[in-house]
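J.: I'd like to ask some things about the structure below.
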Amino acid sequence: MSEQKLALNEYLKTDSDYLRGTIKEGLDSSVTGSFSDGDQQLIKFHGFYQQDDRDLRNERKEQKLEPLYSFMLRARVPGGVCTPKQWLGVDEIASTLTSSNSIRLTTRQTFQYHGIPKRNLKTIIQGLDREALDSIAACGDVNRNVMCNPNPVESKLHAQAYEVAKKLSDHLLPHTRAYAEIWLDEEKLLTTEDETVEPVYGKTYLPRKFKMAVAVPPDNDVDVYTNDLGFIAVAENGELVGFNLTAGGGMGSTHGEVETFPRLADDFGFIKTEDVMKFAEAVMTVQRDWGNRTNRKRSRLKYTIVDHGYEKFKAEVEVRAGVKFEPKRDVVIGDRGDRYGWVEGVDGKWHLTLFIESGRIKDMPGKSLQTGMREIAKIHKGDFRMTSNQNMIIAGVAPEDKATIEGLARKRGLLGQVLTQTRGHSIACVALPTCPLAMAEAERYFPEFIDHIDALQAKNGISDQAIVVRMTGCPNGCARPFAAEIGLVGKAPGRYNLYLGANFEGTRLNKMYRENIQEAEILAELDALFARYAIERNAGETFGNFTVRVGVVKAVIDAAKDFHG
């Protein structure tokens, strides 16, 4: 039997001269606002995606114009930490070089810009570089932005975990100089044919995207089990001693294709802090060598582990790391939400967590969020920490500066909104009009949808109960909907699949309850379930656990068998 043909992206990567392609030539062309099909795949490794305004597609087609192309650029910000000075630079770019005039906090602790014309890409990347920021490897078949729990209470432990996250990000960056040459005008260095340009990735990089997170228990705001590779911090006497390693998580799937499914990571065991890089590289290189390069829908690490088996994968990782896993340590994983308002850290500094609905920082009628963040950045002496729930922490505030910071936040609408438990635990992806994959609305519709959920909870007397609700416009799962107690995944305009049964802590997936239904049906189903939950729930029982216990949906134990079955 002949070998299967590789996926097209594999040939593109091989022939790209380490991610250069013809990006430079495409950038210089003013004939079109787009890049060539091949370069559209390669620019992802540089941190951005080509998009167009789908609200205007038909109108422009009638006018015989090409789509209104623009680009979404995502920064690499390990652990979501940036300085006020950097934020002012980020804000200036958003205000002057993008059509969206906004900054979007993501579900992976970074920010992205929408509505960038091709002519502004280079200026933006050079502007980020002046602030010691970049977008390399924020997208593409590489290790993406490394998440780390911002944990503003245990400052010392957070600092130790953050250093690990930053080292992971730096160590696993692509070594190619394509980014520096194309965007920063650095000269191309001559290399010999046999020189190793990419010691970890090789010429074809990874089969697919690779996501990594560092969690600091008891918090699980990074949703560690949804990542390809996770490190759960283990502390003794307040000091970091190592991590429980998890591998094989991932949210993406394809509607109607049962061979694709979301999956939560497996626990592999405890590793010492000094061995983190060895194990990270080992897991990545096993995926590099064993991952599926013929079918991109089956190319994530989760499928590699399912197809080759847990024990075989674990043994190979240990061989490559040169270290054996120890038995995993007992840790408690709990809340995935953020602590809103003021929290005092162990160092006496204060941290203010701001709720940013769907992560969109923009000046709007009645709320000048972007102006407020700018004003705070001008006087703040600590740092900013973006969370994986799309929120912002004003971190490291001295006691004497609290009143000033809070005053600015309240004045500009960053503080003071009525925030229900459920709204504070809920996130949505961008979806329409810019995401080319979206089948339905998410960010634009989500606030209204949560209003309905809040009303139903109030009606049924369960407003005190936080429920994790997430919405995406497609099944790629950017807002991790399959790990939500209530997950809504776009199927068509105004229609969603409704998923129930994940647990509150993020250690069990949900399962489809109703397919392809509209708002009225969704709300009717949830109203009936909330009524039952109010009466039948056990003491302390969360909504997701309730739906499994009473048989509304079956628990997903083994995603490969249970998610669709």
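A Cβ is built for glycine as well, from the same backbone N, Cα and C atoms used for every other residue.
Computed from a predicted structure; not experimentally measured.
Straight out of Swiss-Prot:
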type    : residues                       : note
BINDING : CYS429, CYS435, CYS474, CYS478 : [4Fe-4S] cluster binding site
BINDING : CYS478                         : siroheme binding site
J.: Within the same chain, and leaving aside CYS429, CYS435, CYS474, CYS478, name every residue whose CB is within 8 angstroms of the centroid of the CB atoms belonging to the recorded [4Fe-4S] cluster site, in sequence order.
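T.: For the [4Fe-4S] cluster site the neighbour list reads VAL430, ALA431, LEU437, ALA438, ALA442, THR472, GLY473, ASN476, GLY477, ALA479.
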J.: Give the sequence-ordered list of residues that share a chain with CYS474 ([4Fe-4S] cluster binding site), lie 6 or more positions from it, and have CB atoms under 8 Å from its CB.
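T.: Residues satisfying the criterion: ALA431, CYS435, LEU437, ALA438, MET439, ALA440, VAL489, GLY490.
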J.: I'd like to know which of the binding-site residues CYS429, CYS435, CYS478 has the most other Cβ atoms within 10 Å of its Cβ.
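T.: Going through CYS429, CYS435, CYS478 one by one, the largest Cβ count within 10 Å is at CYS429.
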